[in-house]
Amino acid sequence: MFAHEWRGFIPTCYMRVLQLCPVLAFLAILMITPVLLVHILSRVDLRQQTRYLLLANVLFSDLLFVSMNILSACINLAGVLMTEWPCAMLLFLLAVLYSSGVLSITAMVLDTCFAVLAPFRYLAMWPVSRTYVAIAAIWIFSVFLPAAAISMFLWYHSTTPCALHLCSLPLLMVLTVSLFRPLHVSMLLTVTGIIFILLLVLSGYLILYFCTRSSGVWKGETSSRARGTFFIHYLHLFLAFCPLLVLMIELMLCQNSQTMDPKASLWMSLVVCNVLLILPKALAPYLYGLRYRELCNLLFQFFHLNKPTTITPVI
């Protein structure tokens with residue numbers, strides 16, 4: 001009954017706002033991400049820099065993730081029912097693309113830390129060829145991370161009499177994860193693992209700050225750019241950390257599903273899937289596109305904007 005009448009738990013105006021968020025994010029990404037990707041991949045000098053290759057991987061993963069999310073939303077709005085295999089494939093692709101984006105962000109942070117701590121050995125110890133290997137490893141690892149949860153999902157639905165259902169991630173989190181303990185545990189372990197990785201990266205960033213506090217990185221003319229880069233990385237990691245933290249809290253609350261209100265659980269799932277997961281992906285191309293000088297100049301030229309110039313007084 002809940003599977004057929006779940007839309008009645010959410011007021012229509014709020015439901016429309018939640019459905020509008022992924023659409024706005026998709027339009028924001030579509031307006032700028034293809035321009036950045038084409039520019040990075042068509043420039044030989046940019047393809048020789050690790051940060052731009054990792055950024056291109058982040059933008060590519062985010063673009064595909066938001067596109068697949070829009071496709072899933074359109075299928076659900078049309079009321080299309082799926083069997084377990086097409087639904088599992090759609091959820092698997094979403095999980096792979098999201099994991100690739102999060103791991104690529106983590107790799108960008110580690111690359112920045114390594115470049116600051118060992119600037120003279122950086123190019124020798126981390127050539128571009130290793131960056132391609134790292135990107136391939138990110139995609140391979142992103143495939144294995146969601147595999148356990150999707151396998152549990154298929155196992156659960158192979159034992160249930162229902163052959164067709166809505167392939168909605170928020171709805172499946174309420175109906176399936178809370179009722180099937182192996183799937184609940186596998187998702188909780190996956191989310192905990194990603195959160196652990198992000199916590200290690202944040203801890204490394206704090207250690208990096210205290211190690212370089214007296215080295216001149218945070219002083220003089222380079223201080224503003226260093227602080228800006230660190231702020232963007234911190235903000236991006238924080239936005240990637242929030243939905244996983246909320247999801248882990250929801251999974252822990254679902255352990256006692258008998259006392260958990262389905263309406264509250266559905267609200268949490270909708271906010272996580274339609275807002276918190278999408279927000280960092282919509283902001284990433286603007287944060288990094290306006291941060292890096294080469295990309296910033298490209299964007300101002302592409303959109304025919306006048307870039308503000310710095311006036312140096314003549315003494």
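Residue numbers in this text run from 1 along the chain shown.
Yeah, the Cβs are placed from backbone N, Cα and C, and that goes for glycine too.
Among the features that TrEMBL reports, domain 'G-protein coupled receptors family 1 profile' is placed at 33-288.
Marked as transmembrane segment by TrEMBL: 17-41 (among others). Only residues 6 or more beyond the boundaries of the transmembrane segment (17-41), in the same chain, are considered here, and those with a CB under 8 A from a CB of the stretch are 10, 47, 52-53, 55-56, 59-60, 62-63, 66-67, 69-70, 73, 77, 270-271, 274-275, 278-279, 281-282, 285-286, 289, 294-295, 298-299, 302.
TrEMBL lists 53-78 (among others) with the feature transmembrane segment.
Per TrEMBL, the feature transmembrane segment maps to 90-120 (among others).
Residues or ranges marked as transmembrane segment by TrEMBL: 132-157 (among others).
The transmembrane segment annotation in TrEMBL covers 163-180 (among others).
The transmembrane segment annotation in TrEMBL covers 187-210 (among others). If you look at the transmembrane segment (187-210), the same-chain residues 6 or more away from its ends with a CB under 8 A from one of its CBs are 99, 102-103, 106, 109-110, 113, 116-117, 145-146, 148-149, 152, 177, 230, 233-234, 237, 240-241, 244-245, 247-248, 251-252.
Feature annotation from TrEMBL assigns transmembrane segment to 230-254 (among others).
According to TrEMBL, the feature transmembrane segment maps to 266-288 (among others).
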Intrachain residues whose Cβ lies under 8 Å of the transmembrane segment (90-120), provided they are six or more past its termini: 50-51, 54-55, 57-58, 61-62, 64-65, 68-69, 71-72, 82, 126, 134-135, 138-139, 141-143, 145-147, 149-150, 153, 167, 169, 172, 194, 197-198, 201, 204-205, 208, 211-212, 217, 229-230, 233, 236-237, 240, 277, 281
Overall pLDDT of the domain 'G-protein coupled receptors family 1 profile' (33-288), taken as the mean: 79
